[in-house]
Amino acid sequence: MCGIAGFIDFRKSSSEELLQKMTTTLYHRGPDGEGIYFIEASQAQIGLGHRRLSIIDLSECGSQPMHFNGLHIAFNGEVYNFEEIRKELEKKGHQFHGHSDTEVIIHAYHEWGVDAIQQWKGMFAVVIYDEAKDEIIAIRDRAGVKPFYYYWQDGLFLFASELKAIVAHPGFKRELDPAAVASYLQYGYVSFPHCIYKHTNKLSAAHVLQLDLKKQVISTVKYWNVYDYYNRPKVDMSFGEAILETEKVLQKAFNYRMVADVPVGVFLSGGFDSSCVTALLQKDSTEKIKTFTIGTTDKELDEAPFAKQIAERLGTDHTEYYCTYKEALDIIPELPFYYDEPFADSSAIPTILVSRMARRKVTVALSADAGDEIFAGYNRYDYLIKYGKQLQSIPKVVRRAMAGVMENVSSESIPYFKNQNNFHSRYQKIRNLLNDPSPSEMLKNLSQVFTNEEISLLFLQPVKELPTALVSKELNPEFYDPLSYMMAVDYQTYMADDILQKVDRATMSASLEGREPFLDQSVIEWAAQLPNEFKYHGGDKKYIIKQIVYQYIPKDIMDRKKMGFAIPVQKWLNEELKDLVQEYLSERALSKHGMFSNAYVQKMVSSFFEGRTDLYLKIWYLLMFQMWFERWMK
């Protein structure tokens with residue numbers, strides 16, 4: 001795990017010193033070393049920068065940027081099956097100087113070109129300068145575990161693992177994209193491939209970017225698609241056979257994530273996903289797996305005792321850390337630096353805390369994210385199945401008539417309900433669902449914090465709605481069903497832009513490599529082809545994962561209401577963070593960018609402090625944006 005940054009400057013206004021400056025901003029991603037490659041090519045200045053967190057091949061042979069036969073590479077991530085690929089390359093005559101995965105990747109690219117990607121199992125963001133082809137190639141992994149941002153304007157191409165490195169280049173123009181701000185306020189993140197700045201993008205997961213140095217033209221192509229696996233017939237086997245096969249697939253994927261020349265641990269929350277990872281790894285290990293749990297002093301919300309019970313049952317080397325809410329609160333001012341694009345997921349706070357704790361003992365930590373998206377774990381899937389069919393059963397003409405009435409009757413004009421918490425947003429969402437009860441509309445309604453109507457009231461100028469992958473037409477109707485739709489879309493949106501971004505920045509803030517065992521290509525493809533009743537069975541979510549876990553941990557330990565590390569955002573905004581709210585959402589603060597209606601924001605803030613607790617997420621989203629703006633847009 002590392003950080004990469006660099007430029008291709010056709011204007012030739014950059015320098016080696018500037019490349020050094022960009023790379024140094026990513027020190028936290030790689031404190032073990034730094035390398036830069038700068039060349040004055042005929043068409044452009046080319047710079048590749050790399051910060052190293054040594055994981056595999058700790059010697060100088062693993063240092064980057066790496067060079068081989070006119071290829072120059074900067075690589076962030078891990079390719080776990082590199083030893084298998086290396087053996088294939090050795091059969092073809094390739095010789096290696098070290099045993100890093102980076103060296104295997106550059107040789108693989110030399111041998112097979114871009115097609116080499118099809119063999120890579122792992123998480124990666126790669127940039128390769130190919131002298132012979134006069135092109136730059138950038139590649140991102142299938143899930144988007146490793147970040148890759150790029151800026152392209154007026155002959156200047158900038159790239160980096162984090163935006164702070166791009167912002168460090170004086171040629172970068174910090175121009176806010178109001179449509180991206182609106183997208184953030186709706187979902188809590190800026191959805192791919194967009195970015196908070198104009199002329200700046202995220203390279204989407206499972207994509208290759210090509211920059212032709214002669215033509216100065218960028219193109220992107222998708223090399224893998226999760227929908228291809230949802231668009232296939234489901235596997236034909238019994239549930240018992242599916243349990244055995246699923247465990248085999250998971251076991252192999254989890255074992256891959258233990259490949260390292262440094263200590264490795266597992267985040268153990270006490271839920272089914274992290275318990276599954278821990279149980280299967282401990283089963284195959286002759287040594288005790290290191291596990292880490294963070295607890296809270298609020299006993300009603302503390303799951304650490306359950307995680308400890310699971311660790312004792314499995315026989316791991318367990319560490320738990322109880323943090324105070326003061327420690328959690330102290331993280332908030334740091335969030336805009338680490339999440340250098342507006343980001344509103346408050347679970348980033350405990351993720352940063354547990355990462356710092358784990359880093360004292362290990363350099364790599366396995367997380368258990370994506371189990372919900374792949375094996376149907378979210379509560380919103382209940383809403384889809386329970387209420388989606390009910391709405392769709394209402395004749396279309398009746399639904400449209402009901403929606404028409406609601407369109408003409410303002411929620412503000414309904415006396416009894418107008419002061420009820422969350423009534424106004426729910427009123428708008430119900431009206432939208434009556435118009436269109438499709439899975440895509442339901443997913444949008446369940447995901448949005450600010451509705452489209454609220455965005456139009458908040459912004460002083462009209463903003464366009466960014467295209468979102470929440471609406472997709474890629475699923476084949478022959479195999480289409482609403483649950484598959486929501487899981488596939490969640491995989492490409494919420495998981496990639498929220499969950500994975502959260503974990504990457506949190507772990508990297510502590511110079512800890514985070515790995516995602518559920519996001520092995522084989523697991524994703526296999527789970528997509530499982531019958532839905534194996535994943536969502538009579539209202540029981542992640543059904544097949546639970547049956548695997550029960551083989552190692554008794555039901556009486558596992559079957560309890562999941563709490564997680566609860567961040568009391570609503571309480572904090574009313575108490576400890578009240579001064580921050582009043583400062584950052586003041587008329588003076590809002591006037592610095594002039595995008596929002598001061599009257600609308602002040603009314604919202606006043607209503608919240610007067611008891612409209614349903615507004616707390618909107619206040620939190622606005623606060624996180626304003627703090628980000630103050631940090632990065634001065």
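Cβ from N, Cα, C; glycine included.
TrEMBL annotations: computationally assigned, not manually curated.
What TrEMBL lists as active site, for GATase activity is Cys2. Cβ environment of Cys2 (active site, for GATase activity): Arg29, Gly30, His50, Arg51, Arg52, Leu53, Gln64, Phe75, Asn76, Gly77, Ser161 lie under 8 Å away, each six or more residues apart in the same chain.
Listed in sequence order, Ile56, Phe75, Glu78, Val79, Tyr80, Phe82, Gly122 are the same-chain residues at least 6 apart in sequence whose CB falls under 8 Å from the CB of Asp101 (L-glutamine binding site). Residues or ranges marked as L-glutamine binding site by TrEMBL: Asp101.
The DSSP secondary structure for Ile294 (ATP binding site) is strand. Taken from TrEMBL, the feature ATP binding site covers Ile294.
Residues annotated as domain 'Glutamine amidotransferase type-2' in TrEMBL: 2-187. The average pLDDT the prediction assigns to the domain 'Glutamine amidotransferase type-2' (2-187) is 96.
Sequence-distant neighbours of Asp369 (site 'Important for beta-aspartyl-AMP intermediate formation') (same chain, six or more apart, CB under 8 Å from its CB) are Asp273, Met495, Ile499, Leu500, Val503, Glu516, Phe518, Leu519, listed in sequence order. Positions annotated as site 'Important for beta-aspartyl-AMP intermediate formation' by TrEMBL: Asp369.
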Other CB atoms, at most 10 A from the CB of Ile294 (ATP binding site): 27
What DSSP gives for Asp101 (L-glutamine binding site), in three states, is helix
DSSP on Asp369 (site 'Important for beta-aspartyl-AMP intermediate formation'), three-state: which is it? coil
